[in-house]
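Positions annotated as active site, proton acceptor by TrEMBL: H73. Taken from TrEMBL, the feature substrate binding site covers P170. What TrEMBL records for H200 is heme b binding site. If you look up TrEMBL, you'll see C42-C122, C75-C80, C128-C329, C207-C239 marked as disulfide bond. What TrEMBL records for 32-333 is domain 'Plant heme peroxidase family profile'.
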Amino acid sequence: MAKILSLFIIVTSLLAFAPILCLSSKSNYYGYLYPQFYDWSCPNAKEIVKSIVAKAVAREARMAASLLRLHFHDCFVKGCDASLLLDSSGTIISEKLSNTNRNSARGFEVIDEIKSALEMECPQTVSCADILALAARDSTVLAGGPSWEVPLGRRDSRDASISGSNNNIPAPNNTFNTILTKFNLKGLDLVDLVVLSGSHTIGNARCTSFKQRLYNQSGNNLPDYTLDQSYAAQLSTMCPKFGGDQNLFFLDYVTPTKFDNNYYKNLLASRGLLNSDQILVTKNQATLELVKLYADNNEIFFEQFAKSMVKMGNISPLTGYKGEIRKNCRYMN
């Protein structure tokens, strides 16, 4: 009887610590992150995020791409820690002022609204970093894309890095090797590069981000020969050689607000808007084959996109006692 009682105590103890044991294994949602993180502390968290994102996207379809982009631009700096959301204050220079984000990154008010609702529901429990990860997933789904379980448990940074934002985020005019290196430095590979670039199936880009392709791609005052000429002529009407830098253009002109594989079909037709998009076809045979695969099979694209989003969301998260849970995503506590 004593042995049975001892065995019962051991088993119940193991069950009590099951979440912790789960966390210690990288096969279980990348270590310390797991989808059920808030199931006890804030059970309505996911629904609150989804509801507010849905209202924002209903008001403006473009917001889906904007929120998805915030998660990318956060994770690529120094990990998925919501450093992007901090405003300048004290010694902090906001990443919002970087070349990549200035006059471009948007959707911060939606994150504020989500955080405010969560603070009312369960104060200082859900991190801003997790809000970004959930909002990115929900935005993708609302635009018609795939869904995935979002591992949770990230904490928020107490600092920002404008230099990291300027240097680590892939830029539209970077070379193929530079972009691949930036992905590799974050633990992401060639497949992740091609499939995550597929997020450009929704959203807009400013004239300034591709203007050189129309007029001076290689410093010789000639357009980019890899850009379809009729498409280039069409773009130039709203993106003149001088002025118009802030004019917006759809990244995927075929289905601009629908998350699908038309982005890849556009690349194969030499109609990728950004240089960083088109080089997936022109500069590397392996990426070209992946572009062809995703252009041909939307299901494979969706499946891999979901996997790579989870992988990206695991870039250097703050967990345990590192960082903090901000009360306001714009400021440290």
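Using N, Cα and C of the backbone, Cβ positions are placed for all residues, glycine too.
Please treat TrEMBL annotations as automatic predictions, because they have not gone through curation.
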*Fill in the CA-CA distance, C42 (disulfide bond) to H73 (active site, proton acceptor), as an integer in Å.*
26
*When the Cα-Cα distance from C80 (disulfide bond) is computed for each of the recorded positions H73, P170, H200, which gives the smallest value?*
H73
_C122, C128, P170, H200, C207, C239 screened against the residue listed as 'active site, proton acceptor', Cα within 10 Å - retained recorded positions_ = P170
*What is the Cβ neighbour count of the residue listed as 'substrate binding site' at a 10 Å cut-off, with all protein chains included?*
18
*asked:* Let me check the 10 A CB neighbour count of C128 (disulfide bond). How many other CB atoms are there?
replied: 30
*Protein Cβ atoms within 10 Å of H73 (active site, proton acceptor), excluding its own*: 22
*Whole-number Å only: compute the distance from the Cα of C239 (disulfide bond) to the Cα of C122 (disulfide bond).*
47
*Would you mind sorting out which of C75, C122, P170, H200, C207 (the recorded positions) have a C-alpha within 10 A of the one on C329 (disulfide bond)?*
none
_Mean pLDDT for the domain 'Plant heme peroxidase family profile' (32-333), rounded to an integer?_
97
*asked:* I want to check the contact list for C122 (disulfide bond): same chain, sequence separation of six or more, C-beta distance under 8 angstroms. What comes out?
replied: Y38, S41, C42, N44, A45
*asked:* On a simple 10 Å Cβ count over all chains shown, which one of the disulfide-bonded residues C42, C80, C329 is most densely packed?
replied: C80
*asked:* Just to verify a number: CA distance, C207 (disulfide bond) to H200 (heme b binding site), in angstrom, no decimals.
replied: 15
_Sequence gap of 6 or more, Cβ distance under 8 Å: name the residues on the same chain that satisfy this around the residue listed as 'heme b binding site', in order along the sequence._
L251, D252, Y263, L273, L274, D277
_The one of C75, C239 whose CB sees the fewest other CB atoms within 10 Å, among these disulfide-bonded residues_ = C239
